[in-house]
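The Zn(2+) binding site annotation in Swiss-Prot covers Cys300, His352, His476. Residues annotated as region 'Editing domain' in Swiss-Prot: 1-147. Here Swiss-Prot flags 208-507 as region 'Catalytic', drawing on sequence analysis.
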Amino acid sequence: MRMLLIHSDYLEYEVKDKALKNPEPISEEQKKGRLEEVLAVFISVEKVDETNPDEVVEKAVNEIKDVASQVKAENVFVYPFAHLSSELAKPDIALEVLREVEEKLREEGFNVKRAPFGYYKAFKLSCKGHPLAELSRTIVPSGEAKAEEEIPEALKKEEEELVSYWYILTPEGELIEVDKFDFTGHENLRKFANYEISKSRIADREPPHVRIMLEQELVDYEPGSDPGNLRYYPKGRLIKGLLEQYVTEKVVEYGAMEVETPIMYDFEHPALEKYLNRFPARQYIVKSGDKKFFLRFAACFGQFLIKKDAIISYRNLPLRMYELTRYSFRREKSGELSGLRRLRAFTMPDMHTVARDLKQAMAEFKKQYKLSMEVLKGVGLTPEDYEVAIRFTEDFWNENRDFIVELAKIIGKPVLIEMWKQRFFYFILKFEFNFVDNLDKAAALSTVQIDVENAERFGITYYDEDGKEKYPLILHCSPSGAIERVMYAILEKQAKLQSKGIKPMFPLWLSPIQVRVIPVSEEVLDYALYVAGKLEGAKIRVDVDDTSDRLNKKIRKAEKEWIPYVIVVGRNEKEQNTITVRRRSDGKQGEMQLEDLIREIRSQTEGFPYKPRPLPLLLSKRPKFRG
């Protein structure tokens, strides 16, 4: 199936003549139709859809729901349109598919019209013309997609049938069945447990961070790409770049060696083929000549292949290797895509540690657990902002209970436990720090796993002190989680504060503009530029509002942009060589020396990376990225 989706002020049609010998029977009323404020969906049902029409209907409805939620459309016009494909389905099947799409959309609560099938029709529409107003989608039944997914049905069935046992573990070491735990005072943990146990990942509403990322001109949808691939405006790119630099510096400081590896890999590589079969995922497929490649969904592949070829001694262990993948790819279901929370292309800080044995692996695991807490603290997320999940087998719990309890003690609050009777995955122990957002959806940030399979699968060995080659254990660690997820968590946290009447703010080191200088008139613009120059020389991101707006409007504009410090300069400040500063954090305003402000800002940003201002100095020189 092929669909063209156009967000329109209106769509109207009028039947002119038969296009088929036996078109759909229609009443006089159905010969004309009109809907306003509508998502117009032009559909070609294709021959391949005949293999599984029910699945095509379901996928099409999910895609339409996804787009409708993004453009906030309640009215949907289903319009048969044969001109999107040269391989059309039989008319009777095509009509049935269109009817099913119409009916299921109605069941989802949409106001739906469908243009009649098998006729020549005149139509008019008025496209709204915003970035998401014109989109196309291709729906492929799984019978066709199966060759690309390369996921053995038996393995998927085995994973689906895996039974999880859920508990809450307290810092005191008490393991309580989740339905018997008193969640009083642990509301976010309750929400997280419900989310994990239900396993529902469909996003039915737009999370607040999407509004913020658009209003602040940070990130936007890219209609020219596949859904889940985003565009970053200058301010968003600065935040993302600083986060990338910060996490990388933390991991290198921890002792990891930074590498770079390819983004695509051969399906037929023996080690990779085994890994794919053991670790089902939805891949993007790339063909080069007769060979088929998949786009990586993690840095594991490249780092494992480097380690396979390396000569490693026990003296080198633990051996830590790191890459910031820009990008990793995973074809998430369209209904699961949600702003910065769940994407198809994402930036993943990925460290893999070769450990000699379980004792060394567990010691590293605890260190990386603490490293992850430290990394999140730097971006403004404390243990109060996220919930912990720890996952393992029953045998591992029985043999290492004190170690697991120690993890709960370190975080200082109850944690969610997922336990299995037997091991299905490649790891024996895993934790994640999960952020619960304003829609009660959870997203994993930091994570570490102890992998007991892939050293042997990839042929990764080390020479022990007895001279023999042995297989190590491997830790997978992302101390922050995907960079986009970190941005999502920061914005969602600020949305929560905003709902409580607290002014939202970025951490100062991440603020795209840290100081705005506002001259009260053009005659003191030269002094405003002098102040800005001094701040810029001290590696502080500063801009100057040189527009003709009134002073109050300039201040409101800075408030809307979450500027941490606003400096107002007039004739008095110029004559006395001082500045008047308004702080967003506490609302206080006062006169001070410029050098004192520089010291104040530098004391808060010390130890964090710096990038220069991402936009022109003067506001009058800036483009607007969103209308």
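Cβ from N, Cα, C; glycine included.
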As a test of the contact definition, list every same-chain residue at least 6 positions from His352 (Zn(2+) binding site) whose Cβ is closer than 8 Å to its Cβ. Ala299, Cys300, Gln303, Phe304, Lys307, Arg320, Met321, Tyr322, Ile474, Leu475, His476, Cys477
All chains considered, the count of other Cβ atoms within 10 Å of the Cβ of Cys300 (Zn(2+) binding site) is 24
Name the secondary structure element type, per DSSP in three states, that contains His476 (Zn(2+) binding site). strand
Could you pull the average pLDDT for the region 'Editing domain' (1-147)? 90
Counting each residue once, how many in the region 'Editing domain' (1-147) are helix, strand and coil under DSSP? 53 helix, 56 strand, 38 coil
